[in-house]
Amino acid sequence: MGVLLYLVPAALTLGLLGLGAFMWSLRSGQYEDLDGAAVRVLADDDLADGEPAVGAGRR
Amino acid sequence: MGAQVIALPAAARRAPVAAPAGEATQDYSLFLRHDPGGETEMAFAVEGIDCAACIDEIEDGAEALPGVARARLNYTTHRLTVGWQAGAEAKPAELLAALARLGYRAYPFEADRLEEIENATSRHLLRCLAVAGFAMMNIMLLSVSVWSGNVTDITPETRDFFHWLSALIALPAAAYAGQPFFQSAFRALKARSLNMDVPITLGVLLALGVSVFETLNSAQHAYFDSAVMLLFFLLTGRYLDHAMRRKTRAEAGNLAALKATRANRIEPDGSLVTVPAAAIRPGDEVMLRAGERAPVDGVVLSGAAAVDESLVTGETLPRAVAAGESVHAGSLVHDGVLRLRTTAVGEDTFLDEIERLLDRASTARGRYIRLADRAARLYAPMVHTTALLSLIGWLVAGASVHHAVLIAVAVLIITCPCALALAVPAVQVVAAGALMRAGVLLNSGDTFERLAEVDTVAFDKTGTLTLPEPRLANEDAVPAHLLDVAARLALASTHPLARAVALARPGAVAPAELAEVPGAGVEGEIDGVPARLGSPVFCRCEALAARIAAGAPDASLVAVRLGEECAVLKVRQALRPDARAVIDTLRRAGRHVVLISGDRREAVAPVAAELSIEDWWAEARPADKIAVLDSLSAARRRVLMVGDGLNDAPSLASAHVSLSPITAADVTRAHADAVFLGERLAPVLTALAVSARARHLMRQNLMIAVIYNFIAVPLAIAGYVTPLVAALAMSGSSVIVTLNALRARLGTRGGN
């Protein structure tokens, strides 16, 4: 049963990491605008004007 | 690629909207927030956001302005927050103009304190939910090992280790995630009453206590997983309930900003400044022009005008006011200019009588007990008695104290209202979403339950059965070319009746040279022929007007003259386009329909006749309306009141449940249980249909929870409930109830 000595702490640490990540996302306001996040992913604001979007050139 | 496909047509089709009236200086200082770093921030509610491309367009448009440091649009709540750089002067008017050029109407917005509190509570619930979820998953991992070990070859040492580890996770987690329930239960007990949180708290604490005791004694079973799972499911229900209320509140906040009235304040130096009505203080002088609504209560200092008080009293004929007389907030100025000294602002603008009636009506309303609370009141004592009886029963039957206590705790855990706590909120969330899509916004969570019980619908006339703005009534009887002339002339006037005439010919162009004769009408030349639009006297056709007036006592008359020809136009409050259909449908569904109006008999009778409503009351003062509602409820009828005027506010508050159109007076909207958008009356039907379905599902869910208890409780009393059985039963019933709630959505989609 020696395996438990490192498996249990490992499992707990992973869980706590997940919890910490959730708390961070909550605090940084990522749950304030759920609909907006869904559509902002479509925005091309990282491209300079005139540069074609990826995929558009393939047609 | 997809974004561009969407973006281009959206941008191309959007036409600029008219910029907000700009003749007077605008003062937005009330809405600006200064942070310690020197930045200035202001929030706006934005209208007309309908696609993903709007986000970029609005944010880029705002950030292009000089001095703007950042602009962030919240797509969910349709609110834009703009920050101005430290040192730069904030220019909200410039921003509003820029957005208007892009085709969006924006309104200064101030989040109210209540919304802030709701947001904070919601975030706290989500944190609790996260902690409970983390604890539940990790403990379940350990518990499953113990359960499978118990039937195979786990050593007592390993089992104890796992139980101690579970305790280490469960105790702090429950202490944190259980706060909402512990606090609420404590408050209830302090007030010497019981709510749903009392059995929950008791169940969780006992389960944890017994588990620690069992762990100390190296027993086979511990209930840490049940306690934490219980908290997780209950918090889910609580969060859903909260999310629904928060969403409707955000929506209501936007509406308040969109509807916020502006006032023209006369500064001490005589200049005119446009400020939000909230910035006006009693004693300030305010200018009111034709076509504007009074933002405050006031006494006329100078000027004379006809004011339409239909929103205040329901009376449709305008009243003439002169210096020394008082004007109430919500009155619409027909013609002329008034200078008012403000006597009351904001909440204080209630008429005394209305305020008194409102107080009385709202206390009466407080007596309604929600379905879930009614269930809780029945439930809590029953659960505790059952647990106590099984404890005594087992002791009498000769079991050890230890064994008897374990069984009593198992009963408490298994009866903990997991499904019960999810049964109502889950349905509410789904149904509120369905209603929101249909254009009905809820003010309170128990609206569904009360709407579903309605068997009588009482309508107000002015602004509810009829459209809030008057319409031309005899379009067919007027020669077409005269109507064209009338519409062109009407464009030049701000008189509300002129607006109704202009609406009859949407594409009309105003003639170049026009003169407005105060109190009479407009005069100009069309194709070289002199033309006039205004009162019958002004157009010299009194005889024709008198003949038409005899046949339509409830209409206002506007005359038009072109050279030698003349015609008289009847303008009156037109029925909502689907009023007849809605009332017929209500009647077919077996609901009693009544009409209660504050307007004159001659104006109410034709409407009642047209809609074939047999029971109607006219010239009803607010107290009379309440008396009618009381007599209906004395006859054991559950009344839905639909109204919009300030005079309806007390009756809306005293009716079993109430609805008001979005155009209603502010006070009235605040007292209605739900608000509906648009020109049609159909949302009333949708609201009734969705709530009937929602209540049916809520009851069904409560029934499922009861059946679950009927199966689970005897098992627990007999002593067969191990932690494994408890876990399966709890999650099973919760999932069934949630899935059942989703059917509220399926039903409405078919209905639309």
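Note: Cβ is positioned from N, Cα and C throughout, glycine not excepted.
The annotation domain 'HMA' is assigned in TrEMBL to B:40-107.
Remote same-chain residues near the transmembrane segment (B:128-149) are listed as 158-159, 162-163, 165-166, 169-170, 173-174, 176-180, 222, 224-225, 228-229, 231-232, 235-236, 239, 722-724, 727 (criterion: CB distance under 8 Å, separation of at least six residues from the stretch ends). Residues or ranges marked as transmembrane segment in TrEMBL: B:128-149 (among others).
Taken from TrEMBL, the feature transmembrane segment applies to B:161-182 (among others).
The transmembrane segment annotation in TrEMBL covers B:194-216 (among others). Counting residues 6+ beyond its ends, the transmembrane segment (B:194-216) has Cβ neighbours under 8 Å at 160, 163-164, 166-167, 170-171, 174, 178, 181-182, 184-186, 188, 222-224, 226-227, 230-231, 234, 372-373, 376-377, 379-381, 383-384, 405-406, 409, 412-413, 415-417, 420-421 in the same chain.
As annotated by TrEMBL, transmembrane segment applies to B:222-240 (among others).
The transmembrane segment annotation in TrEMBL covers B:378-397 (among others).
Annotation comment: TrEMBL describes B:403-427 (among others) as transmembrane segment.
Per TrEMBL, the feature transmembrane segment maps to B:701-718 (among others). Note on the transmembrane segment (B:701-718): residues 371, 375, 386, 390, 393, 407, 410-411, 413-415, 417, 419-420, 422-424, 426-427, 725, 729, 732-733, 736-737, 740-741 of its chain, located 6 or more positions outside it, place their CB under 8 angstroms from a CB of the stretch.
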Under 8 Å Cβ-Cβ from the transmembrane segment (B:378-397), and at least six residues away from its ends along the same chain, one finds 194-196, 198-199, 202, 403-405, 407-409, 411-412, 415, 417, 420, 713, 716-717, 719
Here the mean pLDDT of the domain 'HMA' (B:40-107) is 83
